[in-house]
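Chemist: The following block contains the structure, expressed as structure tokens.
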Amino acid sequence: MGYDDVITHLGEFGPYQKRIYYLLCLPAIVCAFHKLAGVFLLAKPDFRCALPYENGSIYELSPHLWNLSYPENERCSYYDVDYTEEYLNGSIPRSSNETKTCSSYVYDRSKYLNSAVTEWNLVCSRSLLSATSDSLFMLGVLLGSLIFGQMSDKLGRKPTFFASLVLQLIFGVLAAVAPEYFSYTISRMIVGATTSGVFLVAYVIALEMVGSSYRLFAGVAMQMFFSVGFMLTAGFAYFIHDWRWLQIAITLPGLLFLCYYWIIPESARWLLMKGRKDEAFVIIEKAAKENKVEVPNEIYEQLVDEVAEKKKQDEMAASQPAATVFDLLRYPNLRRKTLLIFFDWFVNSGVYYGLSWNTNNLGGNQLVNFMISGAVEIPGYTLLLFTLNRWGRRSILCGTMMVAGISLLATIFVPSDMNWLIVACAMIGKLAITSSYGTIYIFSAEQFPTVVRNVGLGASSMVARVGGILAPYLKLLGEIWRPLPLIICGALSLTAGLLSLLLPETLNKPMPETIEDGENFGKKPAPQETAEEGGTQELSGMLNGKSG
């Protein structure tokens, strides 16, 4: 008897669960605002050096004046000459080819009235600061997953959700009024941390209250709400051209979720784990009433017994050495699978965010590119609902990553004047990597043994965040050669897809429970039976020696 059996009596996805679930999906939209708005907050418009004779700030110059003032393909310096009227009229030749570094800039404000880049001149020698700001935001996401993950397990899902939501509101506004780059970046980093508290905790509450047969749908559908937020971010940027007002606009919708304090319950599953059975039973009874079902009294009695038994098991487990990531790296087959999974997580996160933040470098309408990049995620996630339990996890993971790699690498051969085809290849890659990213969550959970599953998933998530932290620097490479970010993402995706063929399929296979199960899972049989038996006995001896 377990809590999943209680959900079976309540209805795996009854009216009560649906109401709470869809309310919990809405914060994913706001978290998408914060994660992706950096594309517009730190938008880099066309720019040039302000020339010594200029008093205005009009970006456009005639081709004649441009050739007289700037070296070819150079935006961060200008010719160090005497800009007299005769020189500008072309009456006298240029006296020197020496250049001078810019001290101020003129920006093309036809698309962006004001961004953090234009306000603090984050171009040329300071362009690295723009990518660093996004990178530190993703570092905040990593730290938030560690901090708020621990908080939600110890203090509860609901308090953690609202603590992170309040912090998100406060530091979202502080980022908008930041007087300089440093305070803006720190505020945004804290906002990044809170997205883990808001989104991931809501995700956990939602999945903990639905039945097992609906969890794939529930997990994928919540990701689709994130994709909706992705697209809506472009809508905000279309109407709001000043970065400070844009930051406020994406923050204020979070105020609506404060009313959830009186609507969203604590996770009954978590309450039972903590021995707070009376509070859990109140929530179960409320759900039963709304679902118009009755939960038999013996169910509650069995739950009480289970809670007592679980407490004993936890006390026994606490006396044993805690599982660590080194347990996954100790044995050859398990180590090989773990490193492959880590690489898949790194690539999926890096490529996903690399493509999401690179839409401004694709050419064409930047807002349209960004919106399409969010829209293609919907079919990417929908694909999983119809294929993941039919075709297998490995087939989907490898197939989607290879499709992403091939489509992105194909941009090498696309002529520069066929911009629509470059965008199309990039969006096919984005759709495919979205499907891959959704698959790796399930696939890796089924690869790790039960005794170290949480450790393995936590380590995988951290490796993924490293990919996200590095992703903002990819778009800087587009200044060297525009297709370069797509080529790097494509090469990584194709490599990871091919290497994933070395992982065993997990569909309809029992998940490994012990370290020994994990080591043997997917291992090729030895050529001789005696060799196989000897290897198994040796491994068992190693494991028994470790546990002793």
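If you go along the chain as it appears here, the first residue is 1 and each next one adds 1.
The backbone N, Cα and C atoms fix where each Cβ goes, and this holds for glycine too.
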Chemist: Are Ser395 and Arg482, as given in Swiss-Prot, on the same side of the membrane?
Modeler: no
Chemist: So which one is it: of the glycosylation sites Asn55, Asn67, Asn89, which has the fewest other Cβ atoms within 10 Å?
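Modeler: Comparing Cβ neighbour counts within 10 Å for the glycosylation sites Asn55, Asn67, Asn89 gives Asn55.
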Chemist: Any contact between the transmembrane segment (367-387) and the transmembrane segment (220-240), i.e. 3 or more CB pairs below 8 Å with pairs at least 6 residues apart?
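Modeler: Answer yes, regions in contact.
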Chemist: For Asn55 (N-linked glycosylation site) and Asn67 (N-linked glycosylation site), determine the Cα separation and express it in whole Å.
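Modeler: With the alpha carbons as reference points, the distance is 20 Å.
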Chemist: Between the transmembrane segment (190-210) and the transmembrane segment (396-416), are there at least three Cβ pairs closer than 8 Å, leaving out pairs fewer than 6 positions apart?
Modeler: no
Chemist: Among 159-179, 245-265, 338-358, 420-440, point out the range having the most Cβ pairs under 8 angstroms from the transmembrane segment (483-503).
Modeler: 338-358
Chemist: Measuring Cα to Cα, how many Å separate Asn67 (N-linked glycosylation site) from Asn97 (N-linked glycosylation site)?
Modeler: 12
